[in-house]
């Protein structure tokens, strides 16, 4: 017989009745019933109920053991009486009559209970993560993560991709967040950086003649934390040669759809075999298969966000023309003050009560806004109400019809410069959808966001800067960079969004040195800066570079959505807390003076910036 087990704790069934077995595991729960001790024994695979009689050798020892102690038992599989069969447990038809027990490891008093999974402060959970990971929900999340990654790998290999690894110690480069720096002992006063992403290396692989690359890549970014962001994370890093944007979409959509469908527990996933009509910002339309597509401008105008949750059916609308000629004086004044100002409506189907509208107004004030103007429509005499309706009068009916609303509905309004209020309008849309229970949470709704602006105005530095990835190909190429207002240039950049979360960003790359140098010059970076920061890749492009593109879906966020969690820490085995600390390993920590000396480093008090 094996030293520790003949079966795992999730394996035995009624067909095993009468078998002599050996099991090992943790004491999940212990109950004393009339002299008999019942134990739920747990391992990675499941639970099995044990029965110990007073005459069982070691009975007295087991009686005093705490939960989470580790034991080995020998015994016989017996069928449970029909009245005590547990249909919710795979092993619920049997139990083990224990004939011998040995304590393999006795548990001290627990700082964190495992059975029942009661809520506990995150600080305690992270400090004792090895106990937290024994809890069923978190344990399943980590197993799910493993299976999702395996599924992704299989799907990528099936499409002809090869998996390569890229360096962890590399050079610092300005890619949007702060780098984690690693001092070099062999090269005093010089530093490596941990990669924010394998961006340059994966492009260099394409220049090196490889065609379809991927890896499950570790990435490191020294940035402020939030529920869906971590200092270290993993992404499905992808790059392809000789491709257009359409080719990238066609390659990754089956992977994303397939993985979500495989692990969605029956939740519907946006189909990829249907046909959509996409209209770009210039009014040009064409049909395509796959996920729905929105331009960046459309997403901001309709949803107030570049990562819209399309489970919420509310689509905002520009209703400036209803207010431009007066009626509601405040809005007319705002519209007349600046040509770029607009009035947006946030429809609220079924929200046509004064109580709900007042509640939304109070919420807006809590968000630091002066309020939230509204109109609601009813069957009562007059047909409408609210402060805006009183001033607007009869045009209120036309406004209702233009928004596709009717009696029992409402609409909320924001006015001013959309660049300033769009984010708040998006939050209000989300709030309305949630409050009115319009969001269908039982689905995974995907879309592409395309046609991002190549550049944006950096108000702090008073200059044009890159809005996203500086290595993207501008739409229109060199001609656009030389002839267009930089703020009107769009890039071949795209995001995948699911249920309001950005799952990945990607782009068709700028593979021509002359276009790259011009793009960086437009953002205020001279050729010497580009050569210093990106000289390796720029020089490689001078020796024949294929058109290429790629993207990088975030593994942590994918698993977070599939596990129905709201924080990626719930799908990472050993995460940092929101202050960037590892409470289990006590990191970051002080190091020995000897280590600093070897690295030619002297510490100093923090400098206020």
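Including glycine, each Cβ sits where the backbone N, Cα and C put it.
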With 221, 222, 223, 554, 555, 556, 557 listed by Swiss-Prot as binding ATP, identify the candidate in 163, 502, 514, 598 belonging to that site.
-> 502
According to Swiss-Prot, which stretch among 195-198, 199-202, 203-206, 207-210 corresponds to the feature region 'Aspartate'?
-> 199-202
What same-chain residues lie close to the region 'Aspartate' (199-202): Cβ under 8 Å, and 6 or more beyond its ends?
-> 166-167, 170, 173, 175, 213, 237-239, 469, 471, 534, 536-537, 550
Would you measure the largest Cα separation among 221, 222, 223, 502, 554, 555, 556, 557 for the ATP site and round it to whole Å?
-> 19
Among the binding-site residues 222, 223, 556, the one whose Cβ has the most other Cβ atoms within 10 Å is 556
Smallest Cα-Cα separation from residue 555 (ATP binding site) among the recorded positions 33, 221, 468, 509 is shown by 221
Between residue 554 (ATP binding site) and residue 221 (L-aspartate binding site), how far is it from one CA atom to the other, in Å?
-> 13
Residue 223 (ATP binding site) falls, by DSSP collapsed to helix, strand or coil, into coil
If you count the C-beta atoms lying within 10 Å of each candidate's C-beta, which of the recorded positions 33, 509 ends up with the smallest number?
-> 33
Could you tell me how many residues in the region 'Aspartate' (199-202) are helical, how many are strand and how many are coil under DSSP?
-> 4 helix, 0 strand, 0 coil
